[in-house]
Ligand code: HEM
Ligand SMILES: [Ca+2]
Ligand SMILES: [Ca+2]
């Protein structure tokens with residue numbers, strides 16, 4: 001089991017609200033086993049879902065913090081932002097919520113379910129088993145403009161990328177490790193065509209044969225690019241360090257994936273992770289705990305929603 005050593009993790013220095021590794025010990029003792037069972041059934045039916053769950057956690061935590069704001073579904077809520085294009089499987093969080101309501105009604109927040117499902121997704125795909133503290137509350141708000149502002153686009157610079165993760169308390173190594181989530185899943189051609197047909201000098205694809213392959217997969221700039229997908233690394237169902245090996249070979253899919261090997265600050269970390277998968281798993285684990293503890297809200301500001309896509313009456 002990889003995790004952080006203390007039993008609680010401080011979330012924000014401004015308030016003293018803390019997450020706790022034993023948060024549901026009395027109120028929902030079987031929580032982790034129920035989530036594990038539910039997730040394994042979902043993954044068995046659709047092996048592409050771990051990627052979806054991991055990205056869902058990032059997109060939740062990146063906007064207002066890890067508060068399930070991404071699940072609220074009404075006019076003008078986050079999910080309608082174009083930056084959330086490709087987000088999927090939200091309804092599965094509700095399916096797990098329903099199972100938990102039967103066992104421990106009104107206890108487990110949708111935000112905690114998102115975090116637990118993401119960490120199960122990593123473990124089920126062959127990645128590290130990560131212990132995470134719990135006790136997140138669900139927000140009562142969600143606003144698409146916040147998503148437009150805070151979610152990164154595929155062409156983000158390395159400086160902007162580092163700023164996002166260092167402001168969550170990650171160091172350089174952890175920032176590079178969390179992007180290793182791109183070891184799972186796919187990207188749509190619409191996020192790659194700029195690099196193929198109108199590249200900024202900094203975002204050109206480094207390996208020529210990889211570029212030719214992508215041109216075959218993503219031939220034009222038509223609306224079809226919203227439908228066609230390419231894998232994020234050569235083993236998109238396996239959580240491994242292949243992503244870093246691909247990046248060092250010049251096969252980074254998005255601008256930022258190549259960017260971290262162009263910038264000498266991050267390139268040395270990429271090399272380390274490409275050579276040593278255990279080291280990547282260790283650093284990814286601590287980065288995951290930090291990501292999933294971003295701006296957590298406390299009882300006074302949040303609630304435990306009864307239904308994940310609606311605030312309580
Ligand atoms: C600055 C940082 C990041 C950028 C610019 C970025 C960008 C992207 C883009 C453009 C896609 C493709 C979406 C699509 O076309 O459907 C994607 C997919 C993905 N991202 Fe990221 N990402 C970043 C950080 C992260 C982080 C921190 C995580 C998780 C911890 C993550 C997990 C994923 C996963 C798992 C997918 C595949 C999703 C699927 O198969 O449905 N990304 N990312
Ligand atoms: Ca959120
Ligand atoms: Ca992989």
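A Cβ is built for glycine as well, from the same backbone N, Cα and C atoms used for every other residue.
Since the structure is predicted, the reported quantities are computational estimates derived from the model, not experimental observations.
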Hey, TrEMBL has Ca(2+) 1 bound by 60, 63, 65, 67, 69. Any idea which of 75, 78 it lists too? 78
Check TrEMBL for me: it has 235, 240 binding Ca(2+) 2, so pick out which one of 183, 220, 266, 294 it puts in that same site. 183
I'm trying to understand the geometry here, so how far is the Cα atom of residue 110 (disulfide bond) from the Cα atom of residue 67 (Ca(2+) 1 binding site), in Å to the nearest whole number? 8
Those same-chain residues, other than 60, 63, 65, 67, 69, 78, found with Cβ within 8 Å of the centroid of the Ca(2+) 1-site Cβ atoms are 59, 61, 62, 64, 66, 68, 70, 139, 142, 146
Compute the mean position of the Cβ atoms of 183, 235, 240, which form the recorded Ca(2+) 2 site, and then list in sequence order the other residues of that chain whose Cβ is within 8 Å of it. 126, 184, 233, 234, 236, 238, 239, 241, 242, 243
Going by DSSP, is residue 240 (Ca(2+) 2 binding site) sitting in a helix, a strand, or coil? coil
Could you measure between residue 104 (disulfide bond) and residue 67 (Ca(2+) 1 binding site) for me? Cα positions, answer in whole angstrom. 20
One residue among the recorded positions 55, 182 has the fewest other C-beta atoms within 10 A of its C-beta, namely 55
Checking the recorded positions 60, 63, 67, 69, 104: which ones have Cβ within under 6 Å of ligand 2? 60, 63, 67, 69
